[in-house]
Every structure is written in structure tokens, then in C-alpha cells.
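Peer 1: My structure is below; once you've seen it, I'll send some questions.
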Amino acid sequence: MFCAIGLVLLTLAFASPGTQVLGKLFQGPTEEILKRAYDVIIVGAGAGGGATASRLTEDPRVRVLLIEAGGSDFMNLNISVPARASTLSRSRFDWNFTTVPQVGLDNRAVLYPRGFVLGGSTAINQMVFCRGTKDDYDRWARLTGDEGWSFEKLAPFVRSVDRMTLPTDRHNTSGQFDPSIHHHVGTVPISVAGFPLPINSRVINTTAQLPDLFPFNLDYNSGDTIGIGWTQSTIHDGRRVTSATSYLAEAWSRSNLDIVVNTRVTKVLPVGYESGKPVMRGVEIAQTAGGRTHTLKAREEVVLSAGSIKTPHILLLSGIGDASYLSSMGIQPLVDLPAVGRNLHDHAFLGNSWLVNSNDTLDNLRVNSTLAAEALTQWQANGTGPLGIAGGSQFGWLRVPNASDFFAALGVADPSAGATSAHFELITTDGFISKRIAPPTEGHFFSFITAVISPTARGNVTLNSTDPFDAPIINPNLLGTDVDIAVMREAVKAARSFVAAPAWSDYIISEFGAFAEAHTDEELDAYIRNNTDTVDHPVGTVAMGKGAQGALDSDLKVKGTIGLRVVDASAFPFIPSGHTQGPTYILAERAAAMILRDI
Ligand SMILES: Cc1cc2nc3c(=O)[nH]c(=O)nc-3n(C[C@H](O)[C@H](O)[C@H](O)COP(=O)(O)OP(=O)(O)OC[C@H]3O[C@@H](n4cnc5c(N)ncnc54)[C@H](O)[C@@H]3O)c2cc1C
Ligand SMILES: *[C@@H]1O[C@H](CO)[C@@H](O)[C@H](O)[C@H]1NC(C)=O
Ligand SMILES: *[C@@H]1O[C@H](CO)[C@@H](O)[C@H](O)[C@H]1NC(C)=O
Ligand SMILES: *[C@@H]1O[C@H](CO)[C@@H](O)[C@H](O)[C@H]1NC(C)=O
Ligand SMILES: *[C@@H]1O[C@H](CO)[C@@H](O)[C@H](O)[C@H]1NC(C)=O
Ligand SMILES: *[C@@H]1O[C@H](CO)[C@@H](O)[C@H](O)[C@H]1NC(C)=O
Ligand SMILES: *[C@@H]1O[C@H](CO)[C@@H](O)[C@H](O)[C@H]1NC(C)=O
Ligand SMILES: *[C@@H]1O[C@H](CO)[C@@H](O)[C@H](O)[C@H]1NC(C)=O
Ligand SMILES: *[C@@H]1O[C@H](CO)[C@@H](O)[C@H](O)[C@H]1NC(C)=O
Ligand SMILES: *[C@@H]1O[C@H](CO)[C@@H](O)[C@H](O)[C@H]1NC(C)=O
Ligand SMILES: *[C@@H]1O[C@H](CO)[C@@H](O)[C@H](O)[C@H]1NC(C)=O
Ligand SMILES: *[C@@H]1O[C@H](CO)[C@@H](O)[C@H](O)[C@H]1NC(C)=O
């Protein structure tokens, strides 16, 4: 009951280091791979690449090669245990990127984790599952001129992703989500938290006590996110669900799918020209900087799913980007496409903590190793207990009060996609949270992560050198506009209003650290700039769109080329007002249908 059969088999295949390779997994580019013919070559096995590889190989006539830069250890304990997500940044599952100094963050540079393993960033993320809102997708449809990206038209693809499952502890979930909007046929299992936290009833009671400010939302995945409700996570039976444990596990035994790991695509290459356009069906691969390279050629298409940082990086290295910029970097331009690497946007993250009148918070797991060991034993038995959840069980999506006045005063139009889309997010956490300062060794905390969810700032991904093993220069431009910091200020004020509800009167003791000193708008801005980081949701760097704003046509084909598509979060024209793995899966579902139709 605890493990799906597929997972048991995968566990056997990957349980111990040095286990013999089973099935179609290759640890490097062997002769067998180099001489085989593939219809489609997919670059990157994260959310986009994993889903695309799985859907394409449902058609037995389509032979697919999936190339992943990272390794195959996706069943690693630290990946599987939800509460260990924070150990994955700066681990061997991370690309270890860092941004350039961020003007909006007092010129601090921040870590920019990206998954480096089968599953990609779904193997290192915080597992929140969001579909995105009706207005988000309807805006995509307007910007691309393709009604197929509207919320209504995407419904069948949402259905293919979403599989609501029982929570790990099998508790009664009545009132925690709306069963009528979920499906039980999708590939990605999701669930509400399977371990009860003492703060849960306080959070829910606040929605009854302050319903105007914080309305209860039974299910933020209905297309309308506004309000506070129960978080749905890519967790099943207490284990993290990734694109590898879901999509790739389903495809694993298919003879038409080969997966090669520890192998990087360094460039896409033209194999000829058709009607004046380069036919980009070639990829160059290498395992080490300056090491031996090989060239592979797809019969039909190359699909870039290397994510919002590496997909534009590969395109720029291949001569696809702003021609004058590429020339200045010493790269021969192949296609002049200025949108490549631009339009990078992301959500800004701020941890705000309070000291609380309780000894029963998740902080105990951090400071009490006996308790942590007991929790691990329980998790290993059946996935239950505090290790089987992420840090909190509810969150909320809110709009600034009087939005049109608020943004008019700042001289801009409302940056959200519409009434179903939030300006900011509040995420509850049953313990201390900060990406800025180390957790205290004692004390018990409640925290709200505040996040700017419809940002106006845009940054870019550019080249530091022409060496494909060198990291690109990453500038997400976090809090880069007055509008974004004003929204973060509203989010912090909302968090304070939330805990001022009667439900918290015997619980909250005081604000903690620099937060407690920040009261005036000036003080708040200083606190915010000094402590904000990223929610790790970069998108938009190779965006779909009309005219010069878009690098991709609405069918995800790279403009000015033949045989090359992008299927990952870099294709989003606008960041969804939600977390980004769900929208990446949904985009990949539609992309796979398009590819199967075309080839
Ligand atoms: C720390 C963190 C927390 C997050 N929390 C959440 C959350 O709670 N909820 C949510 O919805 N989203 C979250 N996200 C974001 C979400 O995981 C991503 O939006 C999603 O995974 C994007 O999918 P993708 O296919 O674009 O890229 P990825 O999933 O990053 O996949 C890209 C893959 O391509 C591989 N690759 C890159 N370059 C090459 C190359 N040259 N050759 C071969 N392979 C290559 C990478 O190794 C990787 O496996 C989080 C992300 C991070 C990093
Ligand atoms: C898990 O993470 C911890 C902390 O970073 C590390 O010490 C440990 O070796 C990791 N375990 C595995 C199985 O990789
Ligand atoms: C990231 O850093 C960790 C810790 O130093 C290291 O083990 C890992 O190999 C690095 N990742 C990559 C892709 O180099
Ligand atoms: C999980 O195991 C614990 C301890 O062994 C037990 O108390 C609990 O009932 C089990 N839960 C489920 C859902 O199997
Ligand atoms: C779950 O709770 C709801 C509301 O309290 C109740 O109506 C329902 O019968 C319960 N379901 C089960 C299976 O106990
Ligand atoms: C929340 O409200 C319920 C129902 O009114 C009540 O039983 C419960 O004690 C409240 N919880 C807290 C922590 O106030
Ligand atoms: C927490 O533990 C301390 C030390 O044992 C005790 O004095 C205090 O009363 C406890 N607080 C609560 C809320 O249980
Ligand atoms: C640590 O956890 C263990 C096991 O639950 C418990 O017995 C012990 O009292 C805890 N230690 C402290 C200092 O709270
Ligand atoms: C919103 O506007 C209304 C009407 O103009 C006003 O009464 C109310 O105080 C405003 N609310 C806020 C939070 O500014
Ligand atoms: C990237 O952004 C920086 C900072 O805004 C800007 O100076 C630079 O010109 C941009 N580069 C490209 C190639 O767009
Ligand atoms: C760019 O390369 C230089 C020289 O290797 C290095 O010092 C610098 O840190 C790199 N910049 C980034 C943003 O990676
Ligand atoms: C910024 O935060 C750091 C870490 O908490 C702190 O040491 C420093 O004093 C803060 N700086 C300002 C200007 O608040």
C-alpha cells in the first residue's frame, strides 16, 4: 500500500551506489547511443523534459533520447524525504548558480539553485503544486494569439497532470480541497499534508475571524487562487514526487525511450537549411569541460528542456540570440533573436518569524537529533510523521486592497493578470524560516514567507564566456522596481494583520530579529531589501510571443529555425501567479500533443 509497484522496482534499481544499470538508462554516451537513430532528442530531464519524454514515448513509433546533465540518483534519501528539501541546495543535486549582485537587494548576490539530477528542479523544490489561474493562462493566450493557451482550452492537459491522492495519514480531508475539480487519472500524485500541525486550526480560524482580509478558499487550484487555504503538494505516501518518479517511472520500461545521464548538451547545431532557415536537428554533447565532444542528430526534432537558465544559455552558445550581442562576445550569429535570455522574471521571497508560546513546533527537528532520528524511523516505516511534509500546511494568495488606486499611485497598470491572480503570497511555516540568516539554536517560531507573485521587474541571462561549462551571468532583478518593493511591503503588513487575529492571541509572543525593528515604510523597505531572496521560480527567458518580444511561436518552435522547440519554464511569456512546476507540466503536456501531431 505504501509504495507503488513502479517505485519498488526503481528503488531496487537505484538503491545502492554502483548498482548495475537496468533498462534503458546509460551513465554516459556509449557507442550504442551514438549509433542509434532517434526521432526526438530531449535536452534536460526536469519538469518539462520528463513529461515530454513520457508522453511522446506513449506512441511506440516515436524513438526518444533524453539527455540529462546530472546523475540518476533520484531516489536519494534527501530527495525523497520532503522535510529534507533544504539540504539539496549546494548539494550534488544542484547546479550551484549564484546571481550577480541585485540592485533591489542592496547589491547582495543570492544563491540560485537548479536541479542537477533526473527530475531536475522537481527533485529539489519545495513541492507546492499550483495549476495557475484562469487570468494567468488567458493572458498567455492573448500574448501569443493562441486560444489553445487559455485556461479553458488547457483543461484536458491539466487533467493529464493532476492526480489527487489520499494524504499519508489517511485523515478526513473534507473541507481541505474541492474534490469536484480534481482528477484521478493524471500522472503526478498530489496530496494535502499528511501530518497535523498545532497551528493548522489557528490559520483556518483566522479566515473565519478576518474574512474580509483573509477569505477562506477551499481550493486555489480551481482557477481562482484568492484567499487562504490548504496547500496541495507533490507528495505521495510521504515521499517527494518528481518528474522522474512520476512521468519517467511510467515510461521506464518502454523500448523506445533511452535516457543518458552525466552528459551535457553544449550546443544545438544546424544540419542543413530549408527555405533559408537553419534546420537545428543536431546537438553537441560532452561530459567534462574541454573533454571529448560528440554530435547526435534527431530525425525530427530537438527539444530544449534545460530550464530557464540553461536553455537560453545553450541557445546563445549556439548563435541564437541578439546578433550584435553575440558578435560582441565572439560568437558567430546564426539567428538574430533578441528575446533569447531577456524577460527573466522570478518571485521574491522573504521569511518573517515570530517567537511563539509553544514547545511543539518543527524547530524541534532541527535542534533535537534524538527526535529527528525517531522521525526518520517513523518515515521509513510508512512515510508518516513530520518528515513527510514540507514546512507548513496552508498558504494564501492575496491582492493589495484597492488595487487600481494602489498601482495608479505608483504610475503603473495593475501587474496581475486579473481578479483571479494575486499580487502577493503568504506561506505559513511551523518554525523559523530565512534564506538570509542561520536558524537560531533555540526558541520556537511561527513564520510567514511573503512573496511578490506578480512582479514587474525583468532581468536577463547573459554569457560570462563562450565555454559551455562556465555558468552564465544570471540577473533576476529581484525587487528591481518601486512597484515590487511596494507590494512586498503590503505583504509584510498583511502577515502582521493575520497574526493580530484573536486566534493567535495566546500564541504569538513577539516578532523576531530585524523584523521587530521595521515599522515605518522606510524601515520596512530597509528590512525587506536586506533579507529578501528568491522563491526559485525563474521563467520567461525564451518566451513565446508575437513580434520581437517573443523568441518562440505559440507552438514553442524557436523562431527562424526548423526542428527546434523549447519545452520548459523559459517558454512562459509571463510568470504565473503561483508556483511554477505545475504550469511547466501543463505546458509540456500540450507541447507533447503538438509534437506528436507534427511528426
Ligand atoms: C529550490 C527550489 C524550490 C522550488 N519550489 C517550488 C515549489 O514549491 N513549487 C513549484 O511549483 N515550483 C517550485 N520550484 C520551481 C520548479 O521546480 C521549476 O519551475 C520547474 O522544475 C521548472 O521545470 P523546467 O523543466 O523548466 O526546469 P528543471 O526542472 O530545472 O529541469 C531542467 C533539467 O535540464 C537539465 N539540464 C540543464 N542544462 C542541461 C544541458 N546542457 N544538458 C543536459 N541537461 C541539462 C538540468 O540538469 C535539469 O535536470 C522550485 C525550484 C527550486 C530550485
Ligand atoms: C543528506 O544531507 C545531509 C546534510 O547535507 C548530508 O550530510 C548527507 O550526507 C546527505 N545524505 C545523502 C544520502 O546524500
Ligand atoms: C554543487 O556543489 C556541491 C557542494 O560543493 C558539489 O558536491 C556539487 O558537485 C556541485 N554541483 C555541480 C553541478 O558541480
Ligand atoms: C505508520 O506507522 C506508525 C508507527 O509505526 C503507526 O503508528 C501508524 O498507524 C502508521 N500509519 C499508517 C497510515 O499506516
Ligand atoms: C469527513 O468529514 C465530513 C465533515 O465533517 C463528514 O461529513 C464525513 O462523513 C467524513 N467522512 C468520513 C469518511 O468519515
Ligand atoms: C478554532 O475554532 C474551533 C471552532 O470554533 C475551535 O474549536 C478551536 O478551539 C479553535 N482553535 C484555536 C486554536 O483557536
Ligand atoms: C516549554 O518548555 C519550558 C521548559 O521545559 C517550560 O518552562 C514551558 O512552560 C513550556 N512552554 C509551553 C508553552 O509548554
Ligand atoms: C528530544 O527528543 C526526545 C525524543 O522525542 C525527547 O525525549 C527529549 O526530551 C527531547 N529533548 C529536548 C531537549 O527537548
Ligand atoms: C479602499 O477604497 C475604499 C473606497 O474608496 C475606502 O473606503 C477604503 O478605506 C480603501 N481601503 C484601503 C485599504 O485603502
Ligand atoms: C542584461 O541586463 C543588464 C542589466 O539590466 C543590462 O545592462 C544588459 O544590457 C542586458 N544584456 C542584454 C544582452 O540584454
Ligand atoms: C565570470 O568569469 C570570471 C572569470 O572566470 C569569474 O571570476 C566570475 O565570477 C564569473 N562571473 C559569474 C557571474 O559567474
Ligand atoms: C542586514 O542583515 C544582516 C544579517 O541579518 C545584518 O547583520 C545586518 O546588520 C543588516 N544590515 C542592515 C543595514 O540592516
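Including glycine, each Cβ sits where the backbone N, Cα and C put it.
In case it's useful when we look at the structure, here is the feature table from TrEMBL:
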{"type": "SIGNAL", "residues": "1-15", "note": "signal peptide"}
{"type": "BINDING", "residues": "V117, N125, Q126, M127, V128, V265", "note": "FAD binding site"}
{"type": "DOMAIN", "residues": "307-321", "note": "domain 'Glucose-methanol-choline oxidoreductase N-terminal'"}
{"type": "ACT_SITE", "residues": "H537", "note": "active site, proton donor"}
{"type": "ACT_SITE", "residues": "H579", "note": "active site, proton acceptor"}
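Are these features on the surface or tucked inside, and what are their neighbours?
Peer 2: Taking the Cβ of M127 (FAD binding site) as reference, residues of its chain lying under 8 Å away and at least six apart in sequence are, in sequence order, P82, A85, S233, T234, I235, R240, V241, A390.
Within the chain, the domain 'Glucose-methanol-choline oxidoreductase N-terminal' (307-321) has long-range Cβ neighbours (under 8 A, six or more residues past its boundaries) at 43-44, 46, 48, 69, 95, 97, 112, 114-115, 120-121, 265-269, 280, 329, 331-338, 340-341, 344, 461-463, 466, 468, 472, 474, 538-542, 551, 558, 560-561, 566, 568-570.
In sequence order, D346, H347, A569, I575, H579, T580 constitute the residues six or more apart from H537 (active site, proton donor) in its chain with CB-CB distances below 8 Å.
Using a 10 Å radius centred on the Cβ of H579 (active site, proton acceptor) and all shown protein chains, the other Cβ atoms total 27.
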Peer 1: Record lists V117, N125, Q126, M127, V128, V265 as binding FAD; longest Cα-Cα distance in Å?
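Peer 2: About 29 Å separates the two most distant Cα atoms.
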Peer 1: Could you tell me which of these binding-site residues, V117, V128, V265, has the greatest number of Cβ atoms within 10 Å of its own Cβ?
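Peer 2: Max Cβ neighbours within 10 Å, all protein chains included: V117.
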Peer 1: Most Cβ neighbours within 10 Å: which of the binding-site residues N125, Q126 is it?
Peer 2: N125
Peer 1: Secondary structure at V128 (FAD binding site) (DSSP, helix/strand/coil)?
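Peer 2: V128 (FAD binding site) sits in a strand per DSSP.
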